[in-house]
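K.L.:
Here's a structure for you.
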């Protein structure tokens, strides 16, 4: 009996400790405090870590493929507080390149201290910035900054929002003797005339709370599952869709990749 | 006393002028009296002498191409109204052939969309297209900037133009814009005639102007001689260039190309987006007799069920006589714009 009482006491004590931890260890929200939030983009293909080059994956249509390039722009991030108000970050643009691990965990800067429960963002570069003056195109928006990895259409001025390239035995041979696919998705809706718009926005629950404090800069760990590019609301088959360089045909692919993101978890440290 | 004051004032004026007199402040851009308001926002890129000189050097430098062989001036040469004279399709690197005829680089401050399909909507972004086009300069713009940073001449030129040696894409592109914006052609005999500056038209030319106004000016409108629209002018379909459709992907834009200006048209042949017509006579013969009923044919080219524009032999001759009055020799020979 004594042992049972001791166990109960211990359990109560432990619970009390835990409560203490969750309630008191987090510093209070300082009205003027700001910190950064790291957005960790973890690209996967189904249940596998994404690797460029030799690894062969298979989509739901049974098509085998490898990936040689996977890049995407993220912009217009907004965070929703527990009380429902939304904080927007319109001037921060991120370019995630699978080939460059330093680009996988961009930092969202100047986030006001608060508890956040939801994130939203645009996949691509919004139309306002897509037509802005060259002097406003710095960092990842500088159209001269991409090298061979071009994320900008010079002939139809605008950014390539998502660039996906690889090979597949179901793709016909190209002039270079390769069975390569290229899916380049862009199109912000046109400057004057109305043109296809492939900008897509995503809103995701944080699967936890991001607690931004003076001394806490949380990390939001997002998973992007490339398999959803083929097997989302639309079924995309590489045998049929393997060369996309114009906005009009890209809509169904954009509708798929907007479903590829989930928030896996949040670290508050 | 009064005279002394006046003298003093004059002296002050002279003193005030002296320092600048040696450098002769040159007005590099002005709006001709018969032109409308420019569309380019010059406030976001004020033209300076040093910016112009930098842009001119870049325009003429093959360093912009992958193998240092092709400059902008290659396909945009001054005596031909900054076009590629005698080439239906422009030749780029490794003698690769493009798909379209090079357009004149003139009066660009009055344009808001560029190329035959209007794919670029800001002059500052235009140079990226030929630099990165594999059949033109086949280079990466970022690599051009690297080459400029390492060159013995450019860092100092950027410093003169912008105050520091830093070479950014914005500085690079804006200096090219500064040079291109100064290429204003507005001193043809026609201009001197409409501005009452002593230019005269012969009876044939005057008759040609009358015919032109009746039959051509709805598209080649105003003093820029273009309404800046995209139209299908009834060419037989050759090849698979869908024109404006390539940009908007709207079926109504298939086979449509930008209405070009006719300034300096006599020296900017061959004509049409693919340079298929080598003479102005061939162009007018097309409008008179060759217009095809292809999808989206412009409604202005159908009258009373008849395709084309009724033009007699005499009228064609007169229109061509008039078009030649749009040749601006001052512009075509202006030393300020010449290849160094």
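Every residue, even glycine, has its Cβ placed from backbone N, Cα and C.
Automatic prediction, not curation, is the source of TrEMBL annotations.
As the structure is a computational prediction, the values presented were derived from the model and not from experiment.
Sharing the features that TrEMBL gives for it:
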- B:72, B:75, B:76: heme c 1 binding site (BINDING)
- B:203-327: domain 'Cytochrome c' (DOMAIN)
- B:216, B:219, B:220: heme c 2 binding site (BINDING)
K.L.:
Using DSSP, what's the helix, strand and coil tally for the domain 'Cytochrome c' (B:203-327)?
P.N.:
49 helix, 14 strand, 62 coil
K.L.:
Across all the protein chains here, work out how many other Cβ atoms are within 10 Å of the Cβ of residue B:72 (heme c 1 binding site).
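P.N.:
Excluding its own Cβ, residue B:72 (heme c 1 binding site) sees 26 Cβ atoms within 10 Å.
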K.L.:
Do you know offhand how many angstrom separate residue B:219 (heme c 2 binding site) and residue B:76 (heme c 1 binding site) by C-alpha?
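P.N.:
Distance (Cα to Cα, whole Å): 24 Å.
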K.L.:
Run through the Cβ atoms and count how many others sit within 10 Å of the one on residue B:76 (heme c 1 binding site).
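P.N.:
Result for residue B:76 (heme c 1 binding site): 23 neighbouring Cβ atoms inside 10 Å.
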K.L.:
Can you count the other CB atoms that lie within 10 A of the CB of residue B:220 (heme c 2 binding site)?
P.N.:
19
K.L.:
Return only the integer: C-alpha distance in Å from residue B:220 (heme c 2 binding site) to residue B:72 (heme c 1 binding site).
P.N.:
27
K.L.:
So how many other Cβ atoms are close to residue B:219 (heme c 2 binding site), meaning within 10 Å of its Cβ?
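P.N.:
By my count, 18.
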K.L.:
Let me spell it out: for each of the binding-site residues (B:75, B:216), count the other Cβ atoms within 10 Å of that residue's Cβ, using every protein chain shown. Which one has the most?
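P.N.:
The residue with the densest Cβ neighbourhood is B:75.
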K.L.:
Looking only at C-alpha atoms, tell me how far residue B:76 (heme c 1 binding site) is from residue B:216 (heme c 2 binding site), rounded to the nearest Å.
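P.N.:
That separation, Cα to Cα, works out to 26 Å.
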K.L.:
Can you tell me the CA-to-CA distance separating residue B:72 (heme c 1 binding site) and residue B:216 (heme c 2 binding site), as a whole number of Å?
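P.N.:
One finds 31 Å between the Cα atoms of these residues.
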K.L.:
Apart from B:216, B:219, B:220, which residues in this chain have a Cβ no more than 8 Å from the mean position of the Cβ atoms of those residues at the heme c 2 site?
P.N.:
B:212, B:217, B:218, B:221, B:225, B:226, B:227, B:259, B:262
K.L.:
Going by DSSP, is residue B:75 (heme c 1 binding site) sitting in a helix, a strand, or coil?
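P.N.:
The residue in question, residue B:75 (heme c 1 binding site), is helix (DSSP, three-state).
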K.L.:
Express the distance between the Cα positions of residue B:75 (heme c 1 binding site) and residue B:216 (heme c 2 binding site) as a whole number of Å.
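P.N.:
Between the Cα atoms of residue B:75 (heme c 1 binding site) and residue B:216 (heme c 2 binding site), the distance comes to 28 Å.
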